[in-house]
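For reference, the structure discussed in these notes is given below.
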Amino acid sequence: MENISKTSVIIVAAGKGKRMGRDYNKQYIQLEAQPIVAHTIKVFEEMDCINEIILVVGAGEVEFLKKSIIEVYGFQKVSAIVEGGLERRDSVYNGLKAVSQDCSIVLIHDGARPLITKDIIEESIIVAKESGACIAAVPVKDTIKISNDNMEVIHTPKRDNLWSVQTPQTFQYDLILEAYNHQQPKDSTATDDAMILEALGHTVKIIHGSYNNIKITTPEDLIVAEEILKTRREGR
């Protein structure tokens, strides 16, 4: 029998809610009467091209998430729930090690981005299969200034080639796992997964994300997310 490779998604949901004014994981804050992370899982759960979901959660949260979210909402594709690490890259690495061995493509997505669309997910998989790595991003709208330590402007880059990076970040599984296996101390400053590949000289493609694909980190973001969901329901 032919071995059919899998497409997996790692949902990183280990962040705290300090900027939300909460002392617990922001992923469990209610968005239209459902936890934020439940909205995120649901998008991937409903896609035929996604075979398994790996959840990375905060320390001591595995059983809570299993009983309060996975069982309550009946998610079937969640194959593993693992605890995160000290930094985001540690959490992602834990997730990568929990992925099925027959995985060919892996998406890494923020649990706090529940407004991701299926079109972006599908395009990211196609591009990653062809190129090895791609990220969703949107062109920056504001002028960006680079300063020195004295808060003096030293350069104003052209906006034409500046992108605000989102998730999913999608990779050929063997490629991103190898990159994480060979992390160097300098990679500790990496703020996204693509940077770890970039450090090894790999090319990372960009696909257009969406300005609605926000990461919910503040109370204001929650209000915006509720309005976006309302607009989608009403077909506006």
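Just so it is clear, glycine is given a Cβ too, placed from its N, Cα and C backbone atoms.
Look at Swiss-Prot and you will find Arg19 (among others) tagged as site 'Transition state stabilizer', backed by sequence analysis.
Among the features that Swiss-Prot reports, site 'Transition state stabilizer' is placed at Lys26 (among others), with the record citing sequence analysis.
Taken from Swiss-Prot, the feature site 'Positions MEP for the nucleophilic attack' covers Arg159 (among others). In sequence order, Pro139, Val140, Thr143, Ile144 constitute the residues six or more apart from Arg159 (site 'Positions MEP for the nucleophilic attack') in its chain with CB-CB distances below 8 Å. In the three-state DSSP scheme, Arg159 (site 'Positions MEP for the nucleophilic attack') is classed as helix.
The Cβ of Lys215 (site 'Positions MEP for the nucleophilic attack') has Asp110, Ala112, Arg113, Gln166, Asp221 as same-chain neighbours under 8 Å, each 6 or more residues away in sequence. In the three-state DSSP assignment, the secondary structure recorded for Lys215 (site 'Positions MEP for the nucleophilic attack') is coil. If you look up Swiss-Prot, you'll see Lys215 (among others) marked as site 'Positions MEP for the nucleophilic attack', on the strength of sequence analysis.
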